[in-house]
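Here the structure is laid out as structure tokens; the discussion comes afterwards.
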Amino acid sequence: MTSTPPSPPHRTGTSSSSSSNPTQSQSNASASASTQAPPPKPPAPAMSVLPGQLARVYSFAHPVLLLGLLAVRFGKFVEDPVSELLGDLPVLAGLQVLYAVVCLPPAGAPSSKGNTGEASSSGSEGTVLRPGRVGLRRKHAKEVGISVKVVPALISLTLTTLLATPILSILLVLFGAPLTTHNLETLLCAAHMAVLSATALVYVHGVDGSTWREVWGVGRPADAVWGGALGTGVGAWFGAVPIPLDWDRPWQAYPITILTGAYIGYAVGSLISRSSWLYGKRIQFTPEVEEDMDKKTDSKYNQIYQLIDSVCN
């Protein structure tokens, strides 16, 4: 007579937990797939010059004024570049601060359509002032409005001088400027290029990381500020072409042609980038369709990785 061994006791808890594990993992996978990272911050749009008549007039006069300053001082610039660059730097800084205050909205402003001025005027109209006190509140509001624009402009100039000047000095050396000689010329040339290109950028966009990634990646939409900055770099690049030529002209000395090209490039870039056929356009290195396909492919891969990670865990 053959006896069968007793079967092991049935563990309900283990089986139920093991049977519930696939369901739990599936729910975790679906939850992790549904919870995705927040959408990326939209890029900053193209900047518009303030709508006032003074802002519009001076925005066109400012590049012409800079070119006029260069033309008037060019003879002195050729004779003694160091002293001329050093003497003209405060004038350039003052003109750039004036341009930012008069023509551009500061970083963090609600819009570039003059809402601040409209709000202050409507507030002053709706407030009943005592007799004899009519001008005080409006004068105080005007002073506050000016300080709101002047202080960011001075901060932008300070950041530009302290941060952009060393970076551009290094870039000039990397692109062929003398390393052991002409150090003061390189530093002053970089300071002029920094004040030209970066003061308005910092004033308008602040220190927003995504915007500055677009700046360094040449991905900003065309406007007066970005066009001036890009034109400064392109003009300096083309300005270096006459230096090695054997024309034996005194104006071929470093860094005269580079800085002349930077000034001309700034003026041309800031003007043509406001035209209707360039304003708001971006430099596309790859077609937009390919970029959309890459984004969709990356999102699908991210979902697959999240599913695999949740199942394994």
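Residue 1 is the first one shown; counting continues down the chain.
Note that Cβ sites are derived from N, Cα and C of the backbone, with glycine treated the same way.
No curator has checked TrEMBL annotations; they are predicted automatically.
Residues or ranges marked as compositional bias 'Low complexity' in TrEMBL: 10-36 (among others).
Summarising the annotation, TrEMBL assigns compositional bias 'Low complexity' to 114-127 (among others).
Marked as region 'Disordered' by TrEMBL: 1-47 (among others).
Summarising the annotation, TrEMBL assigns region 'Disordered' to 110-130 (among others).
Sequence-distant contacts of the transmembrane segment (146-177), counting only residues of its own chain at least 6 positions beyond either end whose CB sits under 8 Å from a CB of the stretch, comprise 93, 96-97, 100-101, 106-107, 116, 186-187, 189-191, 193-195, 197-200, 202-203, 207, 240, 254-255, 258. Here TrEMBL flags 146-177 (among others) as transmembrane segment.
Beyond the ends of the transmembrane segment (183-204), by six or more residues, the same chain brings 47, 66, 81-82, 85-86, 88-89, 92-93, 96-97, 99-100, 104-107, 152-153, 155-157, 159-161, 164-169, 171-173, 177, 215, 224-226, 228-229, 232-233, 236, 254-255, 258-259, 262-263, 266 to within a C-beta distance below 8 angstroms of the stretch. As annotated by TrEMBL, transmembrane segment applies to 183-204 (among others).
The transmembrane segment annotation in TrEMBL covers 224-245 (among others).
Among residues of the same chain six or more beyond the transmembrane segment (251-272), those with a C-beta under 8 A of the stretch's C-beta atoms are 60, 62-64, 66-67, 70, 74, 77-78, 81, 85, 172, 177-178, 182, 185-186, 189, 192-193, 196-197, 224-225, 227-243, 245, 278. What TrEMBL records for 251-272 (among others) is transmembrane segment.
Sequence-distant contacts of the transmembrane segment (224-245) (same chain, six or more residues past either end, CB-CB distance under 8 Å): 46-47, 49, 59, 63, 103-104, 175-176, 193, 196-198, 200-201, 204, 215, 218, 252-254, 257-274, 278.
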